[in-house]
Structures are given as structure tokens and as C-alpha cells.
Amino acid sequence: MYKHPRQETEAYTLPPFEANSVGKLRYIPAHNSLKRYCMLEPSSSSSLVSPAYAVPSNATVNSSAHEDTSGSCVTDDFNDKIKELETVMMGPDSLVFDYNDSFDSTSCQETNSWRSTLEAISRRDLRADLVSCAQALSENDLMMAHSMMEKLRQMVSVSGEPIQRLGAYLLEGLVAKLASSGSSIYKSLYRFSEPASTELLSYMHILYEVCPYFKFGYMSANGAIAEAMKEDNRVHIIDFQISQGSQWVTLIQAFAARPGGPPRIRITGIDDTTSAYARGGGLSIVGNRLAKLAKQFNVPFEFNSVSVSASEVKLKDLGVRPGEALAVNFAFVLHHMPDESVSTENHRDRLLRMVKSLSPKVVTLVEQESNTNTAAFFPRFKETMDYYDAMFESIDVTLPRNHKQRINVEQHCLARDVVNIIACEGADRVERHELLGKWRSRFEMAGFTSYPLSPLVNSTIKSLLRNYSDKYRLEERDGALYLGWMQRDLVASCAWK
């Protein structure tokens, strides 16, 4: 969910598909539109059609051509580039046949042969083939990578099974990685397909409702803050990624019902252009919404806006005042901070040391339980596939496959993260998740000690999960809560002081 300014990107192509048994097989030509790059739009009909390759007739496959991407064709006509960009999410339904007027027995044999080929493809292990393709790419076996991509693009589909849908986005990342221009392609993917802010809010709300991951994180963090501040009359909460401010609605209501009356609440909301776009405006939208809610519940309230990226926050921006009980919230934000593997400034640890210097009463951490920060490309790919496979499966259980907005939800709320993890390196790879064990080391190095979560938080979240699939599981380990899908941990939550 990132919005980037318009910029040029390198064109890249793969060789055209060849079917020995069906000489008349062709792809639907790319539409002359600036709306799409590599992502599919949901059609008004039940079928989905994507642009295909626009490849010169003399296209060849050779490793040297792909080792030197500096020679890629870059034109001033952006339409030409769109035609050259690979659309990797085509399933078999995207294919059309072009028969001669005379449909003889030879054509029947060709058709039957093609059907047999599709049936054979459908029996292949998509996960294993995705891994094989990534391994070939990691070993610089470009011929094998090309071959696997040709097979994979017949196996993935944004409207198929969970692994087929995820496979479409994984393959998109692999193609961008192969082109050695993953960063520029990643930044351009949604340049023309970025939905209006109202639409994006709608997609985010759907994901928020059908999966408990965000609710789990917000509820566990709020429970820790409410417990730590239960006897304080002046509370200051610093949220390093306030987004739409949804997390604080329930906390304000909880404080309003506190015996003895609510405290005076001040929230410092830190923002960036990504969140501003996602909610359709600046931080004033969040401040006004929360102030209106607080007034409704007779809670004294003040909002302080800090319109910068979290990695750029300085001590003076936070406006800490004497006599306030301070809570700091890191919900799904720290993994975007560059660490020592990316920047000499190491914003990830710098922020923690800065927050510790403020002597907060409680600091809450919610992060995806995944290991993609410093991992090399191949293990990073496997970890990403394993993590998002569980997430896509969980969506499939709650959100019907024929839901007209499901493709948009997955594309605009999840797919971009997948492509970024796979295709980008260095500072351009902003999705850098770490396991809780690593976060624990960082907090301890900054001088924090663990703050045990209240048993009430655990029981409240268990009640929440009753509204969802029984395949979700909640586990408490070493003072932290883990929300998982079946055997895979997906989100971890803990608190520090």
C-alpha cells in the first residue's frame, strides 16, 4: 500500500510461449491502457483477462542477455513499455484458440493433446515448482529460471486456489528479480492501478474484518496500555504509525468506563505520505475523528500530529510533558525501519534508544512473525511463500472466493509486500520482518525489560477468535502472545518497560 511518484522503469520480456502440439495457440494482445502493469483488475464479468507478452518475433533466450540488463529497450513511449512488461498471473482461462474454418481431425487431436497438457500441469506441485524457480534464480541458472517461469505462468491465477493466487504474486516478484530491475518495477507496479483512497480504505476494512490479525495486535497492545495506565490521570500515547487511528477507538471507550472517571488523554500520531493517501487526507482527519469520539464519551482529549516518516522522528517532535504517564506504540511499523544491514544510522535501534530515554511506562510491539530482514534471496523466498501461504488460506476460509472485491483486497493490501520482499534489495526493500526473538534482543540492548501481558488480554482475544475459523490459534510463550494459522505463527505481540 505505497504510493510512488511517476518514474521510468526498465522494460523486460520473456520469450513467447511455445506449444509443440498446438500451432494455433495465441495470447490475447495487450490492451493499450495505462491502468495496469503486472496486476490483474477484476472484470465486470466472471472471467478475468490479462495482457500478455508483447515479445519481438526474434526474441531469444541466452544468459548473457539477462546478465546485462543495461541493454534493455527503454523508450519514451510509455505505452510500449506497458506492452513489454510481463503479466505473470495468467491462468489457463486466459488462453484463446484460433482455429481455421475447417476443423478437421488433426485439430481435434491438437485440442486433446493440449487438454492433456493442461491436466498434467494441474497435477504438478506448484509450491515445489515455485521453489525450484527461485533456486534456479538464486544460482544464476537463467535458462532454468526462464523455463520454470514459462511453466509457472500456466499454473497460477489470481482467481484460483490460495497457493495459485499467492503464486501469481510470487511469480511477479521472480520476474522482476530476473530482470535485475526489481526496485524500479516494484515502484511502478501500482502507479496507474493505485485505487482511490476511498477504495483502498474499503479494501483495508474488508481485510480488517475477515482476518483477526490487526484486531489481535490492536487489542493486545491496548490491553497492555490500559493495564499500565489504570491509576494515572494524565496519559500520553505516542503512536509511531497511526494510520486511520482505528486502534484508539476501543481504548478511549475503555478509559471512559474506568472506575473513578477517565484520564486526560493526549495522543501523538506519527504519519507519512503512505498513510495520508490511504485515509484520503492528512492527520487532521484522525485528530478530528478521535476528538469527536472522546467528546461523545466525556473523555478529555488532545491530539498532536507529527507528519513525518517514523524513521525521521526526532525527540523534539514528540512533545513529552512532565507529569504524563507515557505509552509508546509500535504496531506493524518497526519492520519498515532500516537497520544496520541497510543504513549506518540504524534507525531501528536508534528509535528504541530514543524511546527508552523518555522513560515510558509501557511500550507495545506488534509485528509479523517472519524472518525476511537479512536473509539471502532463496531462504527469503521460501519464508515469504510459507508465511503468505498461511495468510491466503486464512482469507480463503472467511472471504468467499467469488467475492467481487477479494482480488482487490489481496492485490492492494498484500501483494505489493510480497513483490517487495522478493524483487527488491537494499534500501528499496522496505518489508524487513524479524522474528520476535530478534526484536527481543533489540529491546533488551536498548535497556528495556519485559512487561507481562494481563491474563485479561489473553481471554479477551480468545473470545474474539470464536468469531473466526477454529484453525486460528492463540499461544502465550515467554510473556508474548502469538496468533497463528494452524501450525504457522503469523503475528506476535508483547510489551516492554
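Backbone N, Cα and C define each Cβ position, glycine as well.
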Which range of 120-152, 153-185, 285-317 is region 'Leucine repeat II (LRII)', per TrEMBL: 285-317
Suppose you had to name the range TrEMBL annotates as motif 'VHIID'; which of 15-19, 235-239, 405-409 would you pick? 235-239
Could you give the number of helix, strand and coil residues in the motif 'VHIID' (235-239) as assigned by DSSP? 0 helix, 5 strand, 0 coil
